[in-house]
Amino acid sequence: MKLTRIQKEKWIPLFAAGLVVVLDQCAKLLVGAYVPTNTSGVRVLGDFVRIVHVYNVGAAFSIGHQLNQVLRTLVLGIVPLIIMFLIVFSYFRTDAFCPVQRWAVSGIIGGGIGNLIDRFLRPNGVLDFIDVKFFGIFGFERWPAFNIADAVIMTCGLLLIISFIKQEKEISSQPSCNETGGVFRT
């Protein structure tokens with residue numbers, strides 16, 4: 001079966017999503033096996049980057065860690081699972097995404113799946129292992145530990161926002177139908 005151009009534009013980025021899941025889970029397995037829990041970890045770039053082994057039962061920045069287990073499962077497991085389903089559903093239902101947006105959404109899907117695997121299969125929470133010095137910015141001497149899935153979600157989310165803003169500016173700079181007599185002229 002030969003894929004059409006549109007089908008390729010939808011499916012090829014999803015292989016990247018799968019790659020994100022594999023890299024994230026393999027890195028977590030390695031960290032879990034070789035880095036002791038709750039220590040200063042392994043220095044990678046001096047004191048700037050360290051590989052640590054910590055668990056986060058909350059969301060980003062441990063938000064929601066104080067919730068009881070039932071609420072935590074609902075708010076941090078079931079709700080994100082529903083959101084992930086809606087993202088995947090809209091990914092396949094629309095042809096409105098440009099290629100950059102498809103790649104960005106695919107990265108978000110891959111990162112989301114990586115963290116959901118931890119959320120449901122790791123009783124201690126999501127394994128975070130990248131620890132970066134932040135020089136006191138926003139009051140953080142070190143940025144809260146994160147993982148590959150988190151990094152991909154944030155990077156792709158930012159890329160998606162920038163692409164939507166750029167797309168909106170391009171659309172708003174085109175003359176309206178009233179100015180061109182119902183025909184777009186560029």
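Every residue number used here counts from 1 along the chain in the order it is shown.
Just so you know, glycine gets a Cβ as well, placed from its N, Cα and C.
Quick look at what Swiss-Prot lists:
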- 11-31: transmembrane segment (TRANSMEM)
- 44-64: transmembrane segment (TRANSMEM)
- 70-90: transmembrane segment (TRANSMEM)
- Asp128: active site (ACT_SITE)
- 145-165: transmembrane segment (TRANSMEM)
- Asp150: active site (ACT_SITE)
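Under the DSSP three-state reduction, Asp128 (active site) is assigned to strand. Every protein chain considered, the tally of other Cβ atoms within 10 Å of the Cβ of Asp150 (active site) stands at 20. Remote same-chain partners of the transmembrane segment (145-165), defined as residues 6 or more beyond its termini with a Cβ less than 8 Å from a stretch Cβ, comprise 20-21, 23-24, 27-28, 52, 54, 56, 60, 98, 100-101, 103-108, 110-115, 126-131.
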